[in-house]
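Q: A single structure is presented below for examination.
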Amino acid sequence: MEGGSSHNFVPPSAGIDKSRVLDVRPLRSLMPVFPATSQAPSFPGMPPFGHTPNGFPPFYPFNVPLSQASPDLNSEMRTPSGSMPAPIRSYRAPAPSGSDDFPEDSNGEGFFDPHVGSSASRKKTSKASSSRKKTKKNGDGGSVTNNGSGVTFVPVMSSFQIEDGNRELVNYVLMNFDALRRRICQIEENKETKTGLIKRADLKAGNILMSKKVRTNMRRRIGVVPGVEIGDIFFFRMEMCAVGLHAPSMAGIDYMTGKGDGEKDPVALSIVSSGGYDDEAEDSDVLIYSGQGGNSNNKDKDREVADQKLERGNLALQRNLHHGNEVRVIRGMKEDVNAITKIYVYDGLYKVHESWTERGKAGCNIFKYKLLRVPGQPPAFAVWQTLRKWKDGFSSRAGLVLQDLTSGTEPVPVSLVNEVDNEKGLASFTYFPTLKYTKSFSLMPPSFGCNCRSACQPGDTNCSCIQKNGGDFPYTSNGILVSRKQLLHECSPTCPCTPNCKNRVSQTGVKLRLEVFKTKDRGWGLRSWDSIRAGAFICEYAGEVIDEAKLKQKEDGGENDEYIFDTGRDYESFKWSYEPGLLEESPHDVNEDYNIPYRLIISAKNVGNVGRFINHSCSPNVFWQPVVYEHNNQSFVHIAFYAIRHIAPMTELTYDYGTSSNEAGSNSGPNRKNKCLCGSSKCRGYFG
């Protein structure tokens, strides 16, 4: 249930004395300016600040003895609905201390200022600018600069786009970030075999994009961030920095300070709750958030445990309670597939409802803030909680028709769900996990495999399979595709390398917890219970390989085969791989135009896998990639699906079906088009 009604109230743990107040002394420069008691405003239904001195609830007293204060910390929300939020123009971003790329504040919490790059980055950019000689446009709105010694990418995003974004810009920035991060991972993993060390590719990618102004929403703001939607997921804190959702690369509270009468009045913009402190974060509408500082989690044994201070982010959250400003909440959770990986989900806007102090597990006094989710927002964290119950077997899936429609063919069961109507089954077809050939195809000569005796290793120049991919291992160590390829070569069953070789990603079957579900207006669709990161393999398009004569026979005979995949169709071009100029690489290093040796036509009407249920969209979140490997002593092309961007759980998976080369837009004849119902802002109205 959305909102923060009184029945969602979660009291603190028993035994906490909320009347106990720390004798805290805010920094003079951060001390708020309070109105005089006689000038304190009064609001309907609320006494003029009651017993709280100078009208500042409830972290009190700053200069009043405890014996003189008689607060009611269990009262309802103290900020009236009619109070005006602090004006955004009165705030500015706090400047980070130090000169490192990711400076630390006085409590050792990292803070990356999204408005300025590191000093090293600024020098590098300046040097590239001064040696600029020749510039040409590329196909994606950026420019490539040849400075004689390499290639430098110079974006052409306008100052307005950098300050204020939209959905398209946010997706553009995130796609560039992860593409660059994957490429850096690929480079570092090539070195890892020699040095044994691997660097943080996410930090390096973030620093490059920040310095090159490939970012958006730089203008700091309270509330909604343009282009960022509730439920969006992030695998790296730097992604949130790049799109303006949360500025600090490490600290949990993002805030700004205002100027007035020489004093600073901070306001909190966003918080990240990811388990680093003693938060209570199991309720989907209520969050009990712990303040920052004081080493309250006691993970750093070398730092002395100390009480938290009412300053910086802590003071900003307290001021949000006073002003009634909304704060963005990002919840961090461990990934099911990889327990050491954290996923961050944007859970929408909350308001600080109450605050108090209590003794933490490490023995220090910490601040606690109770935040309530603003009603009427779409669910985000609540979806994750529901999925967790399904996975753990604590709750049954509503509308479940079949537990596993693959009958054990795939490594992970694929459920069939219908919450729309009473249809209880699918049209009859035989589940088959890969391609099935109805006749002998001898269109490619056999490909000689590698000679690796263990798993193929990045950077191994003697691996013939790596050489076929241009000398780079096509996947990162966790099986993420680095770049689109003209033709991706994987190790085949004839290669002597081990079955767990990372260069067999598309051959190992479905690894995600998928479900086939009934849509409202487009038949059956496919989605995942798991989060999917950009570049992750989803499934193959399985079915019967047919020739052009068989396809024409189907069309001329009026057979309605909605499950045709045809590489001969026209597909919208798009750029997914990294910008070589960002790493001063040649622009010819990455070519995304497919080079398929023959036209591949697959019919999944009678034989197929889960790929047959992926619907069309003119703005898809999945792309297809031709993959070749050898079986039955011949090399064959397969069609594998990968995620274009991070995909949140329970989001429908879609790819672009393309259009027939002839009679584009025609609604009659053998090449008639299907009406598109994708609902995208870029919908072209038809497909097929």
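Here, residue 1 is simply the first one shown, and the rest follow in order.
Glycine too: its Cβ is placed from the backbone N, Cα and C atoms.
Straight from TrEMBL, here's the annotation block:
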REGION    70-148  region 'Disordered'
COMPBIAS  70-82  compositional bias 'Polar residues'
COMPBIAS  121-136  compositional bias 'Basic residues'
DOMAIN    223-373  domain 'YDG'
DOMAIN    448-509  domain 'Pre-SET'
DOMAIN    512-658  domain 'SET'
DOMAIN    672-688  domain 'Post-SET'
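Show me how these features fit into the shown structure, please.
A: Residue counts of the domain 'Pre-SET' (448-509) by helix, strand and coil are 11 helix, 5 strand, 46 coil (DSSP-based).
Across the domain 'SET' (512-658), the DSSP tally of helix, strand and coil residues reads 20 helix, 55 strand, 72 coil.
Secondary structure of the domain 'Post-SET' (672-688) per DSSP, as helix, strand and coil residue counts: 0 helix, 4 strand, 13 coil.
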